[in-house]
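**Student:** Got these off Swiss-Prot a minute ago, pasting:
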type	residues	note
ACT_SITE	11	active site, proton acceptor
BINDING	77, 139, 159, 160	substrate binding site
ACT_SITE	183	active site, proton donor
């Protein structure tokens, strides 16, 4: 079974609308649908902000259902090397605001090469792969974005991927984040962000939906 998560409803809406629904329910007050996409059994849910909630929700679904792989679809802020509308797959994940004695790079969790290869092979869209950095704040200042880029080499930032990756690592589950760039950190205005979010908010999930129709995970 596959678990598909998004922060907000728009980020999983294509799959909610098109899946063959077998069950509807709530877990930790979050709405979910269980059903079939292609030949894959899928559970889809949304509704969390920040690393703590992302980890909490992920673990709850891993405990409730017999999950083999987890996908996180949604949006991210771009760093140097990407532009608005680009789709990024995480091949690794790091918490940029997690201070340790291990050095500036922090603790990096690798993504699933198997999931990555299948999504790239069956998607009809150009996809970038690289490190996704997560933290519990919006990165709106250019200098902060440049610092994160320098320390981590990340393509983009969000508030959840690294947390979900860590939970999946500890539970020995495959994980992949698919994120669409909706703004460039330190460059876009709030108005531009909202416009881009309306345009691209569902794109990552739409890509995964198309892949699941073609491929068995």
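Even glycines carry a Cβ here, placed using N, Cα and C.
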**Student:** Please list, in sequence order, the residues in the chain of residue 160 (substrate binding site) that are at least six apart in sequence and whose C-beta is under 8 Å away from its C-beta.
**Tutor:** 7, 48, 50, 51, 54, 72, 74, 134
**Student:** Report, in whole Å, the straight Cα-to-Cα distance of residue 11 (active site, proton acceptor) from residue 139 (substrate binding site).
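**Tutor:** One finds 20 Å between the Cα atoms of these residues.
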**Student:** Whole-number Å only: compute the distance from the Cα of residue 11 (active site, proton acceptor) to the Cα of residue 159 (substrate binding site).
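**Tutor:** With distance taken Cα to Cα, residue 159 (substrate binding site) is 14 Å from residue 11 (active site, proton acceptor).
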**Student:** Ten-angstrom check, please: count other Cβ atoms within 10 Å of the Cβ of residue 77 (substrate binding site), all chains counted.
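**Tutor:** By my count, 26.
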**Student:** Quick one: pull the CA-CA distance for the residue listed as 'active site, proton donor' versus residue 77 (substrate binding site), whole Å only.
**Tutor:** 5
**Student:** Compute all pairwise C-alpha distances among 77, 139, 159, 160, the residues listed as binding substrate, and give the largest one in whole angstrom.
**Tutor:** 14
**Student:** Helix, strand or coil at residue 183 (active site, proton donor), per DSSP?
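**Tutor:** Where residue 183 (active site, proton donor) sits, the three-state DSSP reduction gives strand.
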